[in-house]
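Enquirer: These came from TrEMBL, pasted as-is:
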- 137-159: transmembrane segment (TRANSMEM)
- 207-226: transmembrane segment (TRANSMEM)
- 300-322: transmembrane segment (TRANSMEM)
- 348-368: transmembrane segment (TRANSMEM)
- 389-405: transmembrane segment (TRANSMEM)
- 413-519: domain 'TMC' (DOMAIN)
- 425-448: transmembrane segment (TRANSMEM)
- 485-503: transmembrane segment (TRANSMEM)
- 524-546: transmembrane segment (TRANSMEM)
- 595-612: transmembrane segment (TRANSMEM)
Amino acid sequence: MRRRKSMFPHRGASLGNIELSHDEIQEELEIDTRELVSDLIKLPTRARVQAIRALPMSYQERRYVRGRVVSVKHSKKRDLLPTCCTDCHQQTSLFFRRFAAGVVTARKRLVIWQDALKEISGRFGTSVLTYFRFLKWLLMFNFVSLLINFCFIAIPQIVHSPNVTYTVNFRGLELLTGAGYFTQSVFFYGGYNGAVVGNQPSYNMQLAYFFTIAAYLVLCGASLIYSMARSFQKNFVLVSGPTYGGAWRLLCSWDFSVVNEKAIQNHKNNLGIQLKETLSERLQRKATASTSTVLKRLTLYLLAWTLCVSLAVGSCAGIYFLQVEQSQNETQSTQVLINDLKEEASTLIVPVVVSLINLIVPLIFSLINKMEHYSNPRTNIYIGIMRNVLLKMSILAILCYYWVNDVPKQISCWETFVGQSVYRLVLVDFIFCLLGSFFGEFLLNIIGTKCFPSIGVPEFDIATNVLNLIYAQTLAWIGIYFSPLLPIIQVIKLFIIFYLKRVSVSMNCQPPKRTGRAAQMQTVYVALLFLPSFTGALSLVAYTVWSLKPSRQCGPFQGLDTPFQAVHQWMNTVQNIPGSEWAWWIFEHVLKSELFFYLITLIILVVTYLLWQITQGRKQLIQTLREQIVNEGKDKTFLLNRLQSIQKQRTVNAAFRPHEFTERTYFNQDWMNTLPLEM
């Protein structure tokens with residue numbers, strides 16, 4: 001099959017060199033076409049379509065081959081005598097094909113925001129589309145979490161819980177603070193109890209609470225690892241090499257989904273900038289800076305990083321002392337039935353300060369980045385992302401330290417207090433996101449178009465908006481243990497943000513002029529979501545479950561030394577069941593052993609190292625194969641040039657033949673001396 005596929009494009013050159021007549025060439029072509037058609041008919045439908053698409057021919061030639069295949073198949077069907085069975089088979093196959101097509105169409109229509117994403121891609125390209133796809137992906141995470149927690153934790157507690165009498169009336173401020181009326185609700189940890197629900201069959205709320213949250217976190221971790229590995233392989237391994245960034249970018253990187261004229265012009269400018277960046281990178285590899293220049297750059301970078309780290313440390317210290325001072329003023333425990341509206345509103349001070357820091361300090365980081373004068377714009381983007389991640393994760397780390405170290409010593413139902421704190425952070429962050437879209441994008445658009453046209457329309461800052469999503473999702477993962485129904489707020493928040501950003505981008509923003517490689521940036525975002533975000537939240541939840549003593553007055557694990565002790569008690573009951581000794585032995589000697597987890601960690605590190613080595617080997621192999629393809633092209637060019645020179649030489653030699661002379665021709669008496677020596 002491969003020989004026949006490669007026969008058509010070079011037919012004229014190959015057959016012309018062996019000096020066949022036109023009829024012989026056509027006959028040979030017809031024979032090969034028949035053989036190719038006969039081989040294609042034997043293939044299944046999908047394989048046949050893929051084989052025709054893979055033929056190294058022009059579009060017209062492939063279309064001709066496909067027509068020959070279809071005509072031969074129809075002729076064979078007409079030769080068969082129609083029977084009742086054949087008619088029934090045809091009708092059945094037609095029905096199933098139409099049914100499958102209908103299912104595919106219905107599935108596409110059920111995909112959320114499908115048309116909106118196409119519109120965004122058509123107007124702004126894949127770089128802006130990366131943000132909205134990332135938002136949609138996070139929405140799926142939170143929707144799954146909401147579904148699992150509501151079905152396995154909230155519903156059993158609501159159905160079988162005792163009647164709760166609320167001593168505080170609903171005043172509306174609880175929607176922002178989460179305190180007061182909501183304190184004893186199933187929204188927070190304190191609204192659950194550890195009783196066994198029902199008689200036969202029983203439902204253990206402790207095990208349900210523990211295993212539901214554990215299963216969701218494991219599912220998130222597996223999904224993140226899979227997505228990160230797949231994205232890394234697709235966007236880093238397969239696109240690396242000597243051919244990437246040159247002719248490949250020029251010929252194969254055009255975004256054909258863009259239909260808006262202004263977006264097309266922006267995409268052209270972006271493509272030109274990326275080509276300049278690629279050439280600049282290649283020149284920088286060859287260029288060597290002087291020692292004094294290198295020292296100046298290193299000194300400037302060191303000062304910039306020192307200033308950025310100092311700002312992050314100062315922000316964390318200020319937040320910690322503000323949180324401590326505020327907690328000292330709260331003399332009540334978090335049964336937190338606050339009757340004073342002013343005192344209840346004061347709980348919003350810390351979330352507002354955190355959101356202001358997350359809004360103002362990144363602007364200072366941007367000014368510092370401009371003063372550093374990085375020659376590579378992509379490096380500038382990565383440095384800005386690293387500093388913003390350092391700030392946001394440092395703030396969350398200091399808050400988590402306060403929640404697990406200071407709060408359990410001061411407040412009786414400390415899990416509910418932590419859940420309310422995370423709830424307030426999520427709500428205030430959402431409010432600042434709405435205000436940022438209005439003041440940061442709408443007003444800048446008015447200023448750039450009406451007041452100062454030289455400024456122009458603001459660009460949509462993809463990196464900052466994605467980091468805000470990562471920060472919000474980190475809060476949702478941290479609060480999943482302390483507030484099982486917190487994903488409700490996150491789902492509503494992401495829904496509103498999607499439509500808000502869609503309108504804001506369409507009316508107030510233009511695509512960024514320098515986006516780097518959108519697919520690779522998406523891989524970086526997934527990696528950031530996994531490493532600092534998910535792993536940090538998972539570490540906090542694991543430390544809370546395995547090490548901290550739960551509250552004695554509220555929650556499903558009250559009265560236990562640690563929440564994990566509920567699993568230990570359950571295994572004690574399993575031990576009494578005949579034939580389950582093996583399960584008890586595994587739990588007692590394997591799962592409870594610290595050596596087991598050390599071995600698991602060591603195995604994971606070894607496997608990670610091996611996979612990294614395999615990836616490096618594949619990257620080297622891909623680079624070698626690409627170089628081999630380039631060398632093959634050079635060899636073919638050399639052989640074609642050599643063949644053409646030989647053919648020209650033969651033409652020159654064949655120009656002097658004695659039988660071509662006639663009596664009318666002027667005859668040279670010394671013609672024998674003019675013939676080549678080879679004759």
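Backbone N, Cα and C define each Cβ position, glycine as well.
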Enquirer: Tally Cβ pairs under 8 Å between the transmembrane segment (485-503) and each listed stretch (348-368, 425-448, 595-612), then give the stretch with the top tally.
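Expert: Result: 425-448.
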Enquirer: In the same chain, which residue numbers or ranges, 6 or more beyond the ends of the transmembrane segment (425-448), come under 8 angstroms Cβ to Cβ?
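Expert: The answer is 175-176, 178, 348, 351-352, 354-356, 358-359, 399, 455-458, 460, 468, 471-472, 475-476, 479, 486, 489-490, 493, 496-497, 500-501, 504, 507-509.
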Enquirer: Out of 207-226, 348-368, 595-612, what stretch is closest in contact terms to the transmembrane segment (389-405), meaning most Cβ pairs under 8 angstroms?
Expert: 348-368
Enquirer: So if I exclude everything within five residues of the ends of the transmembrane segment (137-159), which remaining residues of that chain have a CB under 8 angstroms from its CBs? That is, six or more out.
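Expert: Distant Cβ neighbours of the transmembrane segment (137-159) are 112, 186, 191-193, 197, 203, 205, 208-209, 212-213, 215-216, 219-220, 223, 227, 469, 473, 476, 480, 484-485, 487-488, 490-491, 494-495, 498.
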Enquirer: Are there residues at least six beyond either end of the transmembrane segment (348-368) with Cβ under 8 Å to its Cβ atoms? List them, or say none.
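Expert: 176-177, 304, 307-308, 311-312, 315, 318-319, 322-323, 326, 384, 387-388, 391-392, 395, 399, 421, 424-425, 427-429, 431-432, 436, 464, 468, 471.
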Enquirer: So if I exclude everything within five residues of the ends of the transmembrane segment (207-226), which remaining residues of that chain have a CB under 8 angstroms from its CBs? That is, six or more out.
Expert: 141, 144-145, 148-149, 152-153, 156, 192, 477, 480-481, 484, 526, 529-530, 534, 538, 541, 545, 556-557, 563-564, 566-567, 570
Enquirer: Can you break down the domain 'TMC' (413-519) into helix, strand and coil residue counts using DSSP?
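Expert: For the domain 'TMC' (413-519), the helix, strand and coil counts are 80 helix, 2 strand, 25 coil.
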